[in-house]
Amino acid sequence: MAAAVAAESGPRRLGFVGAGRMAEAIAQGLIQAGKVEAQHVLVSAPTDRNLCRFRALGCQTTHSNREVLQSCSLVFFATKPHILPAVLVEVARVVTAEHILVSVAAGVSLSTLEELLPPMARVLRVSPNLPCVVQEGAMVMARGRYAGSDEARLLRTLLEACGQCEEVPEAQVDVHTGLSGSGVAFVCAFSEALAEGAIKMGMPSGLAHRIAAQTLLGTAKMLLQKGQHPAQLRTDVCTPGGTTIYGLHALEQGGLRAAAMSAVEAATCRARELSRK
């Protein structure tokens, strides 16, 4: 593996247990950023249905979860949340003090992970989102009891190749799931609605969707690079008696702000429900 991942202890392989979209997004982001070579990534899944996409990236694949743990010291668990406990029980016997174990499963708490793994296991939780695949993800991470600053630093160094990564208390992980994990779908719905408004007014569909997406991208870059509060940027665009204030009035009449807040709240509450199960 690349030196950025290897740290001082020599080469390591990077493993993924689970081959879904989120595992693919993280793996592809890391490979594209040069943080890891594709042939040093080992991915497991019970069938070949998703593994073929990893083979196309140049990764190694297997049907054995234990093989991933036996071959890799840094392992991402990217299974469905309801499957993860059984997977952890399956691999627990091959977990050693050398492993750094990272869960990306929504709603599975650090305490649950630690209960199902050997004592002193170094465990972290990461809440990523799908734009990791284009290296523009928004991620948060939380440490378990036995994961120290070195493990957190290594993981953050890796994940920053996929976008922005912040360390937070575990209580905020579910909120991030509602805001950013689910938020990708919310933003897509808004982008689609913007484009359809332009289509209604006579703009060709393809052009409308491209301009809507670019508008979201440009606005996001301004907010991040200038460090402005969204209200300030909105005010900068909104001239008295102009087009924008008329449009904002229509959005307020439609309840956009309340609907967006309710969407994040609903998604966060669902993440918390999953945590309790």
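Glycine too: its Cβ is placed from the backbone N, Cα and C atoms.
What you are looking at is a predicted structure, and each value in this text was computed from that prediction instead of being measured.
TrEMBL has this to say about the protein:
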DOMAIN    13-107  domain 'Pyrroline-5-carboxylate reductase catalytic N-terminal'
BINDING   Asn65  NADPH binding site
BINDING   Ala78, Thr79, Lys80, Pro81  NADP(+) binding site
DOMAIN    170-274  domain 'Pyrroline-5-carboxylate reductase dimerisation'
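Here the features listed in TrEMBL are painted onto the structure.
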residue: Asn65; record: NADPH binding site; CB count, 10 Å: 22
residue: Ala78; record: NADP(+) binding site; CB count, 10 Å: 26
residue: Thr79; record: NADP(+) binding site; CB count, 10 Å: 27
residue: Lys80; record: NADP(+) binding site; CB count, 10 Å: 11
residue: Pro81; record: NADP(+) binding site; CB count, 10 Å: 17
Fill in: Shell of the NADP(+) site beyond Ala78, Thr79, Lys80, Pro81, same chain only (C-beta within 8 angstroms of their C-beta centre)
Gly18, Gly20, Phe77, His82, Ile83, Leu84, Val87, Val104, Ala105
Item to complete: Could you give me the DSSP helix, strand and coil counts for the domain 'Pyrroline-5-carboxylate reductase catalytic N-terminal' (13-107)?
Response: 40 helix, 19 strand, 36 coil
Practice prompt. Count up the helix, strand and coil residues in the domain 'Pyrroline-5-carboxylate reductase dimerisation' (170-274) according to DSSP, in that order.
Written response: 91 helix, 0 strand, 14 coil
Worksheet entry | Rounded distance in angstrom between the Cα atoms of Ala78 (NADP(+) binding site) and Asn65 (NADPH binding site) | 12
